[in-house]
Amino acid sequence: MFNLKNRNFLTLMDFTPKEINYFLDLARDLKRAKYTGTEVQRLKGKNIALIFEKASTRTRCAFEVGAKDQGAHVTYLGPTGSHIGKKESAADTARVLGRMYDGIEYRGFGQEIVETLAEYAGVPVWNGLTDEDHPTQILADFLTIREHFNKPLNEIKFAYVGDGANNMANALMIGAVKMGMDFRIVSPKEIPTDAALVAKCKEIAAETGAKVTITDNIEEGVKGCDVLYTDVWVSMGEPDSVWESKIKLLTPYRVDMNMIKMTGNPDAKFMHCLPAFHDEETAVGKEIKEKYGLSEMEVSHELFESKYSIVFDEAENRMHTIKAVMVATLGDQ
């Protein structure tokens with residue numbers, strides 16, 4: 001039994017492999033309890049603030065449903081509902097909310113903002129996504145891998161394919177080295193992963209038995225992999241020039257049925273944190289088709305809808321793992 005009461009959840013860098021496994025075991029147990037109607041509420045009477053400087057579907061729903069299941073109350077502060085860094089500093093916001101709430105979730109921009117909230121709030125602070133990291137997503141990913149593979153995480157071969165400089169590449173690499181995985185980032189040289197973070201992760205890998213490979217060679221990068229993972233190539237609000245250059249560089253790295261076959265593993269799975277641009281059924285999808293002539297971006301529609309895809313199991317597990325984080329750090333023991 002681990003006592004994680006009152007701990008912040010800012011990055012998996014702050015947790016040991018045993019503590020990460022504890023979160024995953026707790027999430028598994030909470031999921032089972034929800035399905036069997038035997039869930040015990042450990043957050044009764046708690047008040048939780050959800051700060052969203054960036055819009056969200058999965059993260060917001062996961063925190064709201066998870067909190068409700070556990071008996072907590074939430075207040076949602078959307079992009080127009082909080083004044084962090086505009087009318088009020090992160091430190092002042094933290095000290096105000098910390099007087100009223102038992103826990104605070106933050107989804108937004110720089111990692112330094114969530115770190116400042118944690119420093120000043122006096123209550124547990126949880127990172128729902130920053131520009132540099134996305135630790136709650138990684139717990140969901142690892143729970144999903146556990147459910148689909150009959151082997152421990154330290155025997156998993158995992159390739160993240162696409163934009164090697166984004167927060168998912170960072171977050172997955174941190175989680176993978178903590179858990180002893182064979183982890184590869186397969187990305188064009190022109191989009192490098194943070195060198196200091198790679199160096200730090202390689203240090204951790206030396207202790208845990210993990211492997212870290214950064215390559216632009218798709219065939220080498222995905223060979224023998226259990227999991228191929230990707231994320232969107234560009235974020236909303238980025239200028240057209242960025243879209244054009246990223247699309248040109250990353251189109252060869254689209255994850256498709258051919259790439260799954262390149263793993264040589266008939267049991268390989270495809271994962272994606274969502275939302276995914278895999279068809280023209282959204283306003284963004286239509287815009288991409290009109291501007292760039294692409295009907296799919298980071299993943300082919302065929303693969304997304306195939307038996308290899310476990311993206312909706314992964315999405316559901318956001319809720320169970322986020323619930324586990326709240327219960328472990330805030331719940332009555």
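Each position is counted from 1, following the chain as shown.
Even glycines carry a Cβ here, placed using N, Cα and C.
What Swiss-Prot records for this protein:
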type    : residues                                                                                   : note
BINDING : Ser56, Thr57, Arg58, Thr59, Arg107, His134, Pro135, Thr136, Gln137, Cys273, Leu274, Arg318 : carbamoyl phosphate binding site
BINDING : Asn167, Asp231, Ser235, Met236                                                             : L-ornithine binding site
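There are 22 other Cβ atoms within 10 Å of the Cβ belonging to Arg58 (carbamoyl phosphate binding site).
The 10 Å shell around the Cβ of Ser56 (carbamoyl phosphate binding site) contains 15 further Cβ atoms across the protein chains shown. Applying an 8 A CB threshold to same-chain residues 6+ apart, the list for Leu274 (carbamoyl phosphate binding site) reads Thr57, Arg58, Val311, Glu314, Ala315. Closest by Cα distance to Ser56 (carbamoyl phosphate binding site), from the binding-site residues Asn167, Asp231, Ser235, is Ser235.
DSSP assigns Leu274 (carbamoyl phosphate binding site) to coil, not to a helix or a strand.
The local packing around Asp231 (L-ornithine binding site), expressed as other Cβ atoms within 10 Å of its Cβ over all shown chains, amounts to 24. Neighbour density at the Cβ, taken as the number of other Cβ atoms within 10 Å, is lowest among the binding-site residues Gln137, Asn167, Ser235 for Ser235. Note: the Cα of Asp231 (L-ornithine binding site) and the Cα of Pro135 (carbamoyl phosphate binding site) are spaced 15 Å from each other. Ser235 (L-ornithine binding site) is 19 Å away from Pro135 (carbamoyl phosphate binding site) when you measure Cα to Cα.
Under the DSSP three-state reduction, Arg58 (carbamoyl phosphate binding site) is assigned to helix.
Neighbour density around each Cβ, counted as other Cβ atoms within 10 Å, peaks among the binding-site residues Arg107, Pro135 at Pro135. In this structure the C-alpha atoms belonging to Arg107 (carbamoyl phosphate binding site) and Asn167 (L-ornithine binding site) are separated by 13 Å.
For Asn167 (L-ornithine binding site) paired with Gln137 (carbamoyl phosphate binding site), the C-alpha to C-alpha distance reads 11 Å. In this structure the alpha carbons, written CA, of Gln137 (carbamoyl phosphate binding site) and Ser235 (L-ornithine binding site) are 17 Å apart.
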